[in-house]
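Peer 1: Just dropping this structure here.
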């Protein structure tokens with residue numbers, strides 16, 4: 001006689017996840033729409049109303065770089081809790097970015113034109129790895145997975161501000177100090193307003209000859225110049241001071257004085273709006289709205305929505321992320337382009353047309369793309385992985401019956417009768 005042990009309840013091994021409703025989409029749109037209001041005002045103030053000149057537009061961008069963004073960075077950095085951060089998700093994101101840096105460094109080293117390759121390596125890193133975590137990411141991930149996912153996005157935003165924006169500024173300062181500013185692919189130079197102008201043949205020959213005879217700075221003097229510039233850059237010490245304050249405040253449990261908090265908020269609240277306004281000014285100075293052209297625009301979209309998430313997925317699996325943590329890591333890597341990356345690109349004169357297009361149109365198409373990512377991940381999650389009913393036979397015999405394990409179930413918690421005839 002045989003006894004069959006079967007599971008009574010069949011549960012999927014993974015949670016099903018929730019669907020995004022109309023209210024969730026509205027919540028994200030409420031966060032994204034004001035960005036384009038500021039963008040439109042900046043565009044119209046130059047293109048239609050002629051309020052600002054070229055010099056004034058440059059001054060506004062410098063205001064954003066050296067005042068509003070540092071205060072904005074200090075504001076959200078100082079309010080995190082460093083003792084409750086999810087370091088596994090942060091590690092997956094960091095490994096993904098380091099992998100991208102290593103690949104781009106190898107490509108630059110092997111390339112024939114090192115200066116132009118170095119410039120494009122910086123832009124490629126910005127396009128594939130620097131995301132708009134706060135404005136778009138926080139409300140979107142909150143709608144998808146809840147408050148815990150929003151907290152992870154804020155943590156990643158802090159790390160991006162401290163480590164990866166600092167790395168970007170270091171690379172930009174290195175390019176500027178080494179005389180690479182203004183270099184573009186062979187035979188091309190950057191004109192006013194980011195336009196591309198082909199030089200005269202004789203002029204190009206003279207530039208090439210002068211480059212050969214010009215003395216290159218030593219590595220020591222180059223690094224000294226770069227570190228001095230970084231030490232004086234308010235974006236660097238704003239993030240560092242914010243983390244120091246967060247560590248002290250959460251260790252001894254006290255809040256920021258109201259006078260100090262109000263002084264920070266009065267500037268930080270203008271950070272995102274002024275950044276988009278500056279981008280609108282830049283757009284108005286170009287001949288076309290899509291200043292980078294269709295090929296470079298498509299290149300930026302591929303880097304942002306395919307290459308970045310792919311690299312993060314590989315690294316997240318390597319560090320052992322599973323379930324919703326893995327899905328959050330993938331979706332945050334596909335968030336639209338960081339606004340700050342455009343501000344820095346414009347300040348240092350490195351492909352601002354490409355970065356502006358990535359921010360403007362990347363943010364527009366990001367919502368349907370991210371929802372598609374989410375639905376694909378939920379669909380995979382919903383595939384039923386039901387436990388199989390495994391027949392378990394007990395051999396008849398005298399004495400005590402054997403305990404038999406059912407697959408992925410607890411050991412039978414009762415003893416069978418002592419004999420079967």
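In case you wondered, yes, glycine gets a Cβ from its N, Cα and C as well.
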Peer 1: Pick from 53-72, 153-172, 173-192: which stretch is listed in TrEMBL under transmembrane segment?
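Peer 2: Here TrEMBL associates transmembrane segment with the stretch 153-172.
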Peer 1: Looking at the transmembrane segment (297-321) and the transmembrane segment (357-379), are there 3+ C-beta pairs under 8 A, with each pair at least 6 apart in sequence?
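Peer 2: The answer is yes, given that the two segments have at least 3 Cβ pairs within the 8 Å cut-off.
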Peer 1: Does the transmembrane segment (121-141) reach the transmembrane segment (328-345) with at least 3 CB pairs under 8 A, where each pair is 6 or more residues apart?
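Peer 2: These two stretches do touch.
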Peer 1: Quick test of the contact rule: Cβ under 8 Å, at least six residues beyond the ends. What residues does that give for the transmembrane segment (328-345)?
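Peer 2: Residues 61, 64-65, 69, 89, 92-93, 96, 123, 126-127, 130-133, 135-137, 140-141, 144-145, 149, 152-153, 156, 160, 165, 168-169, 172, 272, 275-276, 278-279, 282, 300, 304-305, 308-309, 311-313, 316, 321, 351-352, 354-356, 358-359, 362-363, 366, 369-370, 373-374, 377 contact the transmembrane segment (328-345) from elsewhere in the chain.
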Peer 1: Looking at the stretches 89-109, 153-172, 236-254, 357-379, which one shares the most CB pairs under 8 Å with the transmembrane segment (266-285)?
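Peer 2: Per the Cβ under 8 Å count, 357-379.
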Peer 1: In the same chain, who gets a Cβ under 8 Å from the transmembrane segment (357-379) while lying at least 6 residues past its ends?
Peer 2: 16-17, 19-20, 25, 28-29, 32, 35, 39, 127, 132, 136, 140, 144, 279, 283, 290-292, 296-297, 300-301, 304-305, 309, 327, 330-331, 334-339, 341-342
